[in-house]
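*Asks:* First the structure, which I've put down as structure tokens, then a few questions once you've had a look.
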Amino acid sequence: MAQRRNGSIPILFMLAIYLDCNIVLCQINMNVVAVFENDYKVARDVVNKVFEWFAKQEFPDVTFNYNSITIDSGLTESQVCQRIIDPKPTILIDTTRKTREVGNRAGTLVKKISRKMGVPTVSATYGKMKGIMGWENLDDTEKQYLVQISPPGYIITQVVRDIASHQNMTTAGVLIDEKIEMDQKSPTLLQNIPTPAAILTVPLDKQKIQQELLKLKTANTANYFVIGSTNITTLALEVADANNMTGREYAWYIVSLDPKEPVCSCKRFTTLWMSPRPITSKKSKAENLASSFEVQSQVEVAFYYDLVLFTIQAVRNEMMKGNWPNEITYQSCASEQSINPQERSNIKLLTSLKQEAYEGMFGKFKIKETGSYQELELYLRKLTFVAEGPMKPQRIGVWTYDQPTGKIKLESGSELKMFSAITVYRVTTLTIPPFIVKNEDENGTITFTGYCVELLDEIKNILNFEYTIFETADKKFGTMNDKLEWDGMMRDLIDKRADIALGPISVMAERETVVDFTVPYYDLVGISILMKKPSVPPSLFKFLTVLEANVWACILAAYFVTSFLMFVFDRLSPYSYYNNKEKYKDDDEDEKRDFSLKESLWFCMTSLTPQGGGEAPRNLSGRLVAATWWLFGFIIIASYTANLAAFLTVSRLDSPIESLDDLAKQYKIKYAPQASTSAATYFERMAYIEEKFYEIWKNMSLDDSLNETERAKLAVWDYPVSDKYTKIWWTMKETGMPKTFQEGVDKVLASKGSQDGFAFIADSTQVKYAVMINCQLTSVGSEFSRKPLALAVQQGSPLKDQLSSAILKLLNQRKLEGLKEKWWNKNPAKVECDDSEQQSDGISIANIGGVFIVIFIGVVLAVITLGIEYLFYKKRKQRNTRVVTVEKYPNERHRRH
């Protein structure tokens, strides 16, 4: 079975095309030496196998003498030279790769010896021709017989470079299957492009792959290349899926050296799959050839197979033409250290290879003086994985290698942007309306809106990134404790759990030591005082509250006493109308006024009204009482009217607290900021500074080294350092600081009034919003300790400059003003409150309604009185009426008598 498989490889037939005994010679001897690295099994197995097949065939014109040499880094230059030169090679096939690796001199020694000894060589070394150690600065003659053809391992790595450049990658991680035998330290892989990459070799081991991938994830790597067999790519994808590395913030590029597509039971995501495809006419040949070896890389097996045939054909043709000596003479290796390089001007290997125009199973060989290679093509396919398995691959283009790099040709309508990793930043935040508003729907899904969220969305559109947002665990901005440990959003940035801290974050000096801030995005914001708005409850009978109850009692008492006195004086005075009715009988009826007790009460009552009391008493004593009552009434009415106007028109009372100093000077109203906020930090720091200054002054004043004159100068102040903030901070700690902003607002609302209760000291924007949504609250005094608001990022992060640039652009476009208008003036949560500063408010029915009740009561009493009067009059009329009987004919009665 094995013999039949070997026979299926048409080596004999391909050679027979070129074998022609009629050219110059009918029998030539070809000494072929192949050099291998100890750890490169693919090249050694393929080349040895080809010459084993040659040995089993009979060629009438060629005799092959094949020598396989495996060298390692421990051999000396003389030993390597001896092994190569002793067989007197007609051609040297060099498969060594790592000429630059420290400690591995095998490849370099082979190049150095082949050049000095003049050995015609075809090398499959990695790298560019001009950069191969041992072959530096070759002249034109040397370039003819020292030829390098880049192997697929080197060529395919270049697709990583081209994709990285095309996608403008900023980071990349390259995982290479250790069985693929690729040079992971290729110096030109990502040279001269701004893509730092970690290039790692991994075995077919899940734990090892996971370990390497997690390292790359920790390093914030977004783009991943996996180069290897189907088994290794499948395992890498499954590990990535298990560690949540297949989201939109990651991009995966699969480079397979075999045509079998990778499989993965992953969640839905899309990757770019790249694999070489043999020429259609040679596809079955490549598959049969690869099955003869225990490797999955068809392209590498085919390359070394084609390399041997290509080289043998070119050398055989040159020898048949007489352009190549049948036996090449070499100097002794013992003297090679001292001799000049031996040149072979009559050997034109490069020209012969170029003339062959050999087409391998995976593409034509391009022979150039600057470096030769196989024109390898990689098909680019879109491969989408779902839970059920991969969907049918969709071809979107092809990548073709062409020095110095490859070329990407996409199908019409296709683009590589769909495979790009979307930059996703982690954003930590804190609910502070209207900057950050937290919403939760009926399904429990949490979303965030607000001024800052819309600002970040605008920045996202400029910088082209996405973000995930979460609320910091302890719901704090971030303060430093005595152990120099941070909490809140600052801790999220320090521990690299977040990339951006979003919210109304004050720029503070101590925060700038651990994080970086962008340019400010908002006006300077300070600290202000939140208190309950002073209010006077409405009263229907407010007009009665103008005077106190005892005053009303005194007025009523004066009224009755005065009325009684007028009645008494009218009865006792000889000059009164009552005692002189005959004298005044001819006067008008309006002037005839008898001041009975009822009339006196009516007179005193009407005297207090604009209508007036009417005719005054005739006697002087009565008039004196009336005048006194008028004077009394004028003063009472004037005082009442003035106070009533003030009570009914003034709609606000001035708060007894107008500033922080007012708070500090009183003791009825408690006050405190929210714990672990910039406001609390401000007062703590101010108290600390006062204490420090006090210590300095105390040490200075108690200094024994001071003379009397200097001590006298210091004696002007017994205590020159203010302890204002020390007392304030002590009071705050005694009061107890609310743990949340809402707790502080609740304490303010629970206050009995503006002169007794709790004053909450907080960030002015928070105070402003609280006042905006609750008419019972008010902001007192002016702001103090004003600071800018900015976004925070990790220290040293390039995001600082990027975000700052975007914010400045938005400022120039006046978009931030629009956000401020939307979230402050047009906020749907805003409540329209009465303007407490407005002094021209009308009198409300709630305060003046009692007057209408008085009218109603008066009318009701009048109706009742009318009824009583009517009934009384009717009954009285009936009692005073007498019945008289009149006879019809009185005269007749007299006549009868």
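Each residue, glycine too, has its Cβ placed from N, Cα and C.
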*Asks:* Per TrEMBL, which of C26, C81, C554, C604 is disulfide-bonded to C333?
*Replies:* C81
*Asks:* Pick the one from S596, S600, S676, S678 that TrEMBL also lists for the L-glutamate site with P504, S506, R511, D763.
*Replies:* S678
*Asks:* Tell me, from C604, C833, which cysteine TrEMBL puts in a disulphide with C775.
*Replies:* C833
*Asks:* Using a 10 Å cut-off on Cβ-Cβ distances across all protein chains shown, tell me which of the disulfide-bonded residues (C81, C333, C775, C833) has the largest neighbour count.
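*Replies:* It comes out as C81.
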*Asks:* Count the other Cβ atoms sitting within 10 Å of the Cβ of K809 (site 'Interaction with the cone snail toxin Con-ikot-ikot'), across every protein chain shown.
*Replies:* 13
*Asks:* Which of these recorded positions is closest to C775 (disulfide bond) if you go by CA atoms: C81, C333, K809?
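*Replies:* That would be K809, nearest by Cα distance.
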*Asks:* Would you kindly give the Cα-Cα distance separating K809 (site 'Interaction with the cone snail toxin Con-ikot-ikot') and C333 (disulfide bond), rounded to the nearest Å?
*Replies:* 72
*Asks:* At the Cα level, what's the spacing in Å between K809 (site 'Interaction with the cone snail toxin Con-ikot-ikot') and C81 (disulfide bond), rounded?
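*Replies:* It is 68 Å, counting Cα to Cα.
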*Asks:* Tell me the Cα distance separating C81 (disulfide bond) from C833 (disulfide bond), rounded to the nearest angstrom.
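*Replies:* Pair distance, Cα basis, whole Å: 98 Å.
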